[in-house]
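Peer 1: Following this message is one structure expressed as structure tokens.
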Amino acid sequence: MIKIRRLSSVDDHFQAELDQLLSFEVSVDSEIERTVTQILHQIRTHGDRALLELTRQFDNPDIDRIEEIELPRDEWQSALMSLDKVQREALEQAASRIRAYHEKQLAQSWDYVELDGTRLGQKITALDRVGLYVPGGKAAYPSSVLMNAIPARVAGVRELIMVTPTPKGEKNPLVLAAAAICEVDRVFTIGGAQAVAALAYGTTTVPKVDKIVGPGNAYVAAAKRHVFGTVGIDMLAGPSEILVICDGKTNPDWIAMDLFSQAEHDEQAQSILLCPDKAFLDRVADSISRLIDTLPRRDVIRSSLENRGALIHVRDLEEACMIANRIAPEHLELSVDEPEQWVDSIRHAGAIFLGRYTCEALGDYCAGPNHVLPTSGTARFSSPLGVYDFQKRTSLIQVSAAGASRLGETASILAKGEGLDAHARSAESRYQ
């Protein structure tokens, strides 16, 4: 029997218990920080030489020359052609759906002209070059390639550089095939903090990028945190999360599997169910105990559910939505009748999955919306990765002679009030 936490919103100490359940701090490992700082300094100071040494040390001891870290284009094209038909069609279908969704996000430049001829506007420009980090080896995720590369391509990014480690020379054909589908420009077989550093600072072989996106381990996350400001980054993601709001009418086995789908990521992942039906919570608990041993990652799931999972009894669905906003989850399932009527009640969530048939796993792979989502409550102020993350906005201002006179007088008054006489005189010079 798995020991998953049971809470009730009617209990006097519920808020404190909920706070404890949600409390999670990404501890800063001093050894990781020290190692990452050293690696960043090595790459910044010694470039390719350090990159080759670190790649030999951590990933592939058989690499002889720095030129070997770049994969020729025909190798990833070959990986795509070598996939069996079912896998290739699944990747291509997912890519097509992701592309179609993200094309709806594409922003356009705009402007307008005032009566005196003054023109104001906003220019949308794609980033020049983006670096995509993809974990390597057997645990690689081709879906992450699609979710990160396709929005960049839709945005109009000129050059997309992918880095992925190849432990002991092992390459993941699905990842390379995904790179081919997304028309990535260059692929380098490097990983870890050294790959992040190479992308951020540039070396003779690896070009400097404007932004780095993609998931990674603790060393990659620490490196991204350190280089932020030199380059942009997507986000600092915490453990994966799912919150399910259910009215008690869904198959409890479905709900159990939905909770498992996040719990299997790692021991720190969080899976929570909110329901006004106590008997249904009992049935889900039974399903969890019965089904968990059928899964290969059952030990990870068990640890996740026992440490950070919960089945919570609530008064009604309205209260469930209030609690959901308090949690601001990465993924939120509305497994209820007429889920549309509750959407406006949800203010804070990375993604909302409506209805009993809409499992979160579809969003991870092929529904279309991005699976790179804010975690750890940051959905209160953050959004999913999208086309807008690969575009910049530049203000446009053009005033006529009449506009210079009208606006110049206003600017002069305000500038003098701030004690900035040069500002005032600059504005005045256009109309005096």
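Cβ atoms here come from the backbone N, Cα and C positions, even for glycine.
Features from Swiss-Prot:
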ACT_SITE  Glu330  active site, proton acceptor
ACT_SITE  His331  active site, proton acceptor
BINDING   Tyr133, Gln194, Asn217  NAD(+) binding site
BINDING   Ser240, Gln262, His265, His331, Asp364, Glu418, His423  substrate binding site
BINDING   Gln262, His265, Asp364, His423  Zn(2+) binding site
Peer 1: Of the recorded positions Tyr133, Gln194, His331, which one sits closest to Asp364 (substrate binding site) when you measure Cα to Cα?
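Peer 2: Its closest listed neighbour, by Cα, is His331.
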Peer 1: Based on Cα distances to Tyr133 (NAD(+) binding site), point out the closest of the recorded positions Gln262, His265, Glu330, His331, His423.
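Peer 2: Nearest by Cα distance to Tyr133 (NAD(+) binding site): His265.
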Peer 1: Please report the distance from the Cα of Asn217 (NAD(+) binding site) to the Cα of Gln262 (substrate binding site), rounded to the nearest angstrom.
Peer 2: 17
Peer 1: Counting other CB atoms within 10 A of each CB, which of the binding-site residues Gln194, Ser240 comes out lowest?
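Peer 2: Minimum Cβ neighbour count within 10 Å, taken over the binding-site residues Gln194, Ser240, occurs at Ser240.
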Peer 1: Through the lens of DSSP with three states only, how would you label Tyr133 (NAD(+) binding site)?
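Peer 2: For Tyr133 (NAD(+) binding site) - judged by DSSP and reduced to three states - the answer is strand.
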Peer 1: Spatial neighbours of Ser240 (substrate binding site) among the recorded positions Gln194, Glu330, His331, defined as Cα within 10 A: which are they?
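Peer 2: Within 10 Å of Ser240 (substrate binding site): Glu330, His331.
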Peer 1: Taking every protein chain shown into account, which of the binding-site residues Asn217, Gln262 has the largest tally of Cβ atoms within 10 Å of its Cβ?
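Peer 2: That would be Gln262, with the most Cβ atoms nearby.
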Peer 1: For the recorded NAD(+) site, enumerate neighbouring residues of the same chain (Cβ within 8 Å of the Cβ centroid of Tyr133, Gln194, Asn217, site residues themselves excluded), in sequence order.
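Peer 2: Other same-chain residues near the NAD(+) site: Pro135, Val163, Pro165, Gly191, Gly192, Ala193, Ala195, Val196, Gly216, Tyr219, Val220, Ala223.
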Peer 1: With Cβ-Cβ distance below 8 Å and at least 6 positions apart along the chain, what are the contacts of His423 (substrate binding site)? List them in sequence order.
Peer 2: Ala411, Ala415
Peer 1: Going by C-alpha positions, which of the binding-site residues (Gln194, Gln262, His265, Glu418) is nearest His331 (active site, proton acceptor)?
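Peer 2: Looking at Cα distances from His331 (active site, proton acceptor), the smallest one goes to Gln262.
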Peer 1: What Cα-Cα separation, expressed in whole Å, is found between Glu418 (substrate binding site) and Glu330 (active site, proton acceptor)?
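Peer 2: Cα-Cα distance, Glu418 (substrate binding site) to Glu330 (active site, proton acceptor): 44 Å.
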Peer 1: Count the other Cβ atoms sitting within 10 Å of the Cβ of His331 (active site, proton acceptor), across every protein chain shown.
Peer 2: 27
Peer 1: Specify the secondary structure state of His423 (substrate binding site) as given by DSSP, simplified to three classes.
Peer 2: helix
